[in-house]
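Accompanying notes for the structure given below.
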Amino acid sequence: MIETLGVLLAGGAGERLYPLTRDRAKPAVNFGGIYRIIDITLSNCINSGLRRVYILTQYKALSLNRHIREGWSGIVGNELGEFIEILPPMKRVSENWYMGTADAVYQNIYSIGSEQPRYVLILSGDHIYKMNYDLMMRQHKDSGADVTLATILIDPSETRHFGVVDVDNQSHVNGFVEKPKSTELRSPYDPSKVSASMGIYIFNTDVLIPVLLKDAEDPNSKHDFGHNILPKMVGEYKIYSFNFIDENKKEALYWRDVGTLDAYYDANLDLVSVAPVFNLYDKAWPIRTHQRQYPPAKFVFAEQGRMGTALDSVVSMGCIVSGGTVRNCVLSPDVRVNSFSEVDSSILFSHVNVGRHCRIRRSIIDRDVHIPEGTVIGYDTESDRQKYHVTDSGITVVTRDYSLFENPVEVDYFTSE
């Protein structure tokens, strides 16, 4: 991968993840207790041998920038020409903010050119999966492709969420349609499925640059790889598909777009099963992150009716389950669940404090929230809608606004990420 430059797109507003993205960029949202969403893609880069990466940021990037600086910039060898660097919009070639995925790469065309890569690997910072990009690169080189895009098989009913790829049994891409309502296309590898783009592309640099320059001059373009770049390249360039190979090495392929609150909730709760498909404990494919120093988690009190327990849960360092019960949950660092409280099927971000005699289920609790004694969340949807954000499937999201108004003295709302 020494000839390859990674460009990781992390500038999306994450509107479908609101209110979790009200104060942070989507790739900076917590995942799996101790991680940020962007850690998954960055770990794939490092594990694949890709050690030159630009991260393109834009919206509410303070906590994301800090996380990258503190946790990732130091693990590559600068003296070897390796780097993981953040590139905010610099308006060097345009007066606009990033207007689309292709425009984001175009606006950093000078930074890309300065590294003189032979190949550019374009990635998204908000998906959950394990993938060895080097395998994709080998196919790209062996096939003599100008562009290779990673694909995964999906049900035809899901096409409105994906770029649909017309691919033959030799992996040639003969068509690309972004998020069609329906399609008659079927994958040659499984006639009941459709080949869909994963938003992962390898371009020869000498192909990418002129294509971006041409797109930038088109006033009718959305400046997006899926909507504009790839459909226009079909038939003119050699485009191949790479079938996703999951480094989890389980029977089912695991790739999740956590772009909605329900999808985000489900992906986190996947982790608490006995043998989750997405394996955080694989030493051969470690998931890295930046961790602050906390004491070990502990579970205290063993009295009748007051026993500190956590069952089928991910519990991070610094957590104290003090006479409460936690079931089927993901707890980020420094969470406290106090006596006689029950927390079920929920995600609690860092520094959440659950008071006594609380009952919480199917909820996402943002960081620094203090839940007052006796509070009930997740049991009455209509009541919850009056105070919190509730998804169509009934997941309740409690943000820091709740603590700001309910308990302004005990919570520092302005604590940094």
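Note that Cβ sites are derived from N, Cα and C of the backbone, with glycine treated the same way.
The alpha-D-glucose 1-phosphate site recorded in Swiss-Prot comprises Y98, G163, E178, K179 together with one of S73, S114, S143, S197, namely S197.
Less than 8 angstroms from the CB of S197 (alpha-D-glucose 1-phosphate binding site) sit L149, A150, T151, F162, G163, V164, V165, F176, G226, L230, each of them six or more residues away in the same chain. Long-range neighbours of Y98 (alpha-D-glucose 1-phosphate binding site) (same chain, six or more residues apart, CB within less than 8 Å of its CB): G11, L56, Q58, P89, A104, Q107. Burial estimate for the binding-site residues (G163, E178, K179): highest at G163, by number of other CB atoms within 10 Å. Residues Y98, G163, E178, K179, S197, recorded as binding alpha-D-glucose 1-phosphate, reach a greatest CA to CA spacing of 22 Å.
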